[in-house]
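Asker: Just lifted these from Swiss-Prot, have a look:
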BINDING   ASN6, ARG17, GLY211, GLY232, GLN233  3-amino-2-oxopropyl phosphate binding site
BINDING   ASP8, HIS9, ARG43, HIS48, THR98  1-deoxy-D-xylulose 5-phosphate binding site
ACT_SITE  HIS41  active site, proton acceptor
ACT_SITE  GLU68  active site, proton acceptor
SITE      GLU147  site 'Transition state stabilizer'
ACT_SITE  HIS210  active site, proton donor
Amino acid sequence: MLLGVNIDHIAVLRQARMVNDPDLLEAAFIAAKHGDQITLHVREDRRHAQDFDLENIIKFCKSPINLECALNDEILNLALKLKPHRVTLVPEKREELTTEGGLCLNHAKLKQSIEKLQNANIEVSLFINPSLEDIEKSKILKAQFIELHTGHYANLHNALFSNISHTAFALKELGQDKKTLQTQFEKELQNLELCAKKGTELGLKVAAGHGLNYKNVKLIVKIKEICELNIGQSIVARSVFTGLKNAILEMKELIKDEKTSH
């Protein structure tokens, strides 16, 4: 199973002071050396990663570059110009802290955007909610890749296996009793397994991402149809204490151990 290292949160730290430190390109070099892919989200408002970040990373890094972006003409044209290995199309709201859900597959521009990117020899992935309907639509749209949104799984795991429900970060919608949460958690995990199998059956390559960390990744790794995980915030958070190289290698070890032991 491959690890795409999302380095957005390195850019978050840089933009907090609007300086050149930490250097996103240096982070990309470390991610390229110890991970399998660099993932970067260039948002419409450029609140974190900037155009020059993407340009420099594509120019100087040999690893595959996975650009996450919305259906925004300016950024899509940037992708067509710079030609990352892959573009993952994601939904985007200006007020959100992080991507809140899967892409709406009924968007009028979606099919045309996919065709333009593929005609430029750029692989296209769709970041979708884990539903059979969205997987079938992704196949109809002729995407090569799908990335299953694991946010709900991650939130349920947090509610069950951490103290988050007793903190300011508790989610009101997950304020149920443990038994109910456990049932929902098992159902969501089964749904991810079913969706990954369906995607593979349809000839789609299947990735997963959002909210994955060192504690909840193990069960996802057991889903053999998933070939890639894109993980960012938890790796960058761990790197504050261990360094980026060690944080990436620790996640790689978790993925390797789970895959080889099952």
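Any Cβ shown, glycine's included, is placed from N, Cα and C.
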Asker: Spatial neighbours of ARG43 (1-deoxy-D-xylulose 5-phosphate binding site) among the recorded positions ASN6, ARG17, GLU68, GLY211, GLN233, defined as Cα within 10 A: which are they?
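Answerer: Near ARG43 (1-deoxy-D-xylulose 5-phosphate binding site), where near means Cα within 10 Å, the recorded positions are GLU68.
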Asker: Taking each of the binding-site residues GLY211, GLY232 in turn and counting other Cβ atoms within 10 Å of its Cβ, which one has the fewest?
Answerer: GLY211
Asker: Please name the residue among the recorded positions ASP8, GLU68, GLU147 whose C-beta has the most neighbouring C-beta atoms within 10 angstroms.
Answerer: GLU147
Asker: May I ask which residues of the same chain, at least 6 positions away in sequence, place their Cβ under 8 angstroms from the Cβ of HIS48 (1-deoxy-D-xylulose 5-phosphate binding site)?
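Answerer: HIS48 (1-deoxy-D-xylulose 5-phosphate binding site) has long-range Cβ partners ASP8, HIS9, ALA11, VAL12, GLN15, HIS41.
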Asker: Please classify the secondary structure at ASN6 (3-amino-2-oxopropyl phosphate binding site) using three-state DSSP.
Answerer: strand
Asker: In which DSSP state, out of helix, strand and coil, do we find GLY211 (3-amino-2-oxopropyl phosphate binding site)?
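Answerer: Going by the DSSP assignment, GLY211 (3-amino-2-oxopropyl phosphate binding site) belongs to neither helix nor strand, so it counts as coil.
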Asker: For HIS41, ARG43, HIS210, listed as recorded positions, tell me which one has the smallest number of other Cβ atoms within 10 Å.
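Answerer: Fewest other Cβ atoms within 10 Å, among the recorded positions HIS41, ARG43, HIS210, is found for ARG43.
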Asker: State the Cα to Cα distance, in Å, between GLY232 (3-amino-2-oxopropyl phosphate binding site) and the residue listed as 'active site, proton donor', rounded to an integer.
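Answerer: Cα of GLY232 (3-amino-2-oxopropyl phosphate binding site) to Cα of the residue listed as 'active site, proton donor' measures 8 Å after rounding.
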Asker: Quiz question: given the binding-site residues HIS9, ARG17, which has the greatest number of C-beta atoms lying within 10 angstroms of its own C-beta?
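Answerer: Per the Cβ count within 10 Å, the most buried is HIS9.
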